[in-house]
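Chemist: Quick one: structure below, then a few questions.
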Amino acid sequence: MGRYPAAEFILFEVLHILVFFPTRHNLYRAVILALMIYLAAKIYLTAEATEPAGVVYAVGHTIALNFGFTAYLLCTEGSFPDHWRRVRDEIGAGADANGSGNLPSNYPFAKKFWWTFDIAHSVRMVGWVQEPRDCLPPPPPPSRTTFLWGTLLKLITNCLLLDFLTYVFAQNPAFDSRVHDPTDGPETYLAAIPLVHRAPYVLAFGLWLALFFKVLHNIAALVCVGPGRSSPTLWPDIWGRWGDAFTLRKLWGRTWHQTMRPMLSGLGKLVANKILKFPRGTNLSSYTQLYVAFFFSAVFHFGGEFTCERRMVYRSFKFFPLQAVAITLEDFIIFIAKRLLLKRGIKLNPGSPDESWPEAIVRVVGYCWVTLWFCLTLPGYIDGANLAGIYTVDRLTIAQFLFDGWKPSRA
């Protein structure tokens, strides 16, 4: 067993911030990128680490994600760094007539430092001129006291729910790598559970993963907003509306991919419009962007899997591109259904504020379809990850006390 490359990973994270320092000298960025590639290769090729598999997976996944974000900022839109502007800098601009003083490359050093730190941690681009405005949840109210109190209550609630779901998973051998072994027989696989009984576990797994990231988001918000370093309005919910998730396209595009949406969208446009030269607004361009987005999503997850398992693992390259295929088929079916209904003078818009009961039925059918799809495709991904110990769960403190530790005294 090898060691965990903590020093290399910390240095990589520092370089990932420094690579965005707003200078026009390309040689500086080339040197930083070369060092990042060297450290990433060293981490990926290090002998298997002794840390928990979930931690090692997170390291590999973060490295791949950071490279994707670096490519997005440096290659997809205008020239770096002056193309990327914070909204608050634009509002406070106007010191000089031509606006040259408001270019990031012309900032004083202290302002450059904070600009660099901000953009390196702005994967969602909230608070930037390039912020996606058509899919983000509404921003929280600007009151810092209200935000901190509300976020603290959310953190406590999310921790309790996460603890309870972890306890539920601990009762199923499919989520425990200590018994999830091929030599133990197929009954230890989630895929071996009958389809109808599988649905609650699949839904609970999605909720568990969502709660895990919500807890991290709540903690980060408290740390950044509490000392006054960040505004509450820059911390909308990490997920979109779950009520929108009645199609796979809406689930992935509006609800789940909130964190990576700007990056995946930018990389998709880079490939479709700049490299392949497909005209913007065409089906060829939009579906190329769709498949490119899920390909990069697979690459980011593969980075964690390879770091954890030290071998070529293809479950991400099966699961994520398959989502794009399903969305394509889903779009085609919806297109045909709409045309058939329009011929009969019927126009449905499920999910609208003034939704009718036929539209509500369509939405419920959509929820069933999305659930069925993940019951069919998610077990193959989860079983392999659990076998590697990535998603292994066990009873946490609160649930263990409530269900196991506390026993009523007998008179």
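Glycine is no exception: its Cβ is also placed from the backbone N, Cα and C atoms.
In TrEMBL, annotation is done automatically, which means it is predicted and not curated.
Here's the feature list from TrEMBL:
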TRANSMEM  30-47  transmembrane segment
TRANSMEM  53-75  transmembrane segment
TRANSMEM  147-169  transmembrane segment
TRANSMEM  189-213  transmembrane segment
DOMAIN    235-320  domain 'Wax synthase'
TRANSMEM  284-302  transmembrane segment
TRANSMEM  322-341  transmembrane segment
TRANSMEM  361-382  transmembrane segment
Chemist: Where else in the chain does the transmembrane segment (53-75) make close Cβ contacts, counting only residues six or more beyond its ends and a cut-off under 8 Å?
Modeler: 4-5, 9, 12-13, 16, 19-20, 29, 33, 36, 40, 43-44, 84, 119, 123, 177, 260, 262-263, 266-267, 270, 296, 299-308, 388-392
Chemist: Quickly jot the same-chain residues contacting the transmembrane segment (284-302) by Cβ under 8 Å, restricted to those at least six beyond its ends, or write none.
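Modeler: Sequence-remote neighbours of the transmembrane segment (284-302) are 61, 64-65, 68, 257, 260, 264-265, 267-269, 271-273, 276, 278, 313, 316-317, 319-321, 323-324, 327-328.
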Chemist: Against which stretches of its own chain does the transmembrane segment (322-341) lie, if we need a Cβ under 8 Å and a gap of at least six residues from its ends?
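Modeler: Contacts with the transmembrane segment (322-341): 247-249, 252, 287, 290-291, 293-294, 347-348, 373, 377.
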Chemist: Going by DSSP assignments with H, G and I as helix and E and B as strand, what are the residue counts for the domain 'Wax synthase' (235-320)?
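Modeler: Helix, strand, coil within the domain 'Wax synthase' (235-320): 60 helix, 0 strand, 26 coil.
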Chemist: Take the transmembrane segment (361-382) and find every residue of the same chain, 6 or more past its ends, with a Cβ under 8 Å from one of its Cβ atoms.
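Modeler: Those are 174-175, 189-191, 193, 195, 198-199, 202-203, 205-206, 245-248, 251, 315-316, 318-319, 322-323, 326, 348, 350-351, 355, 391, in sequence order.
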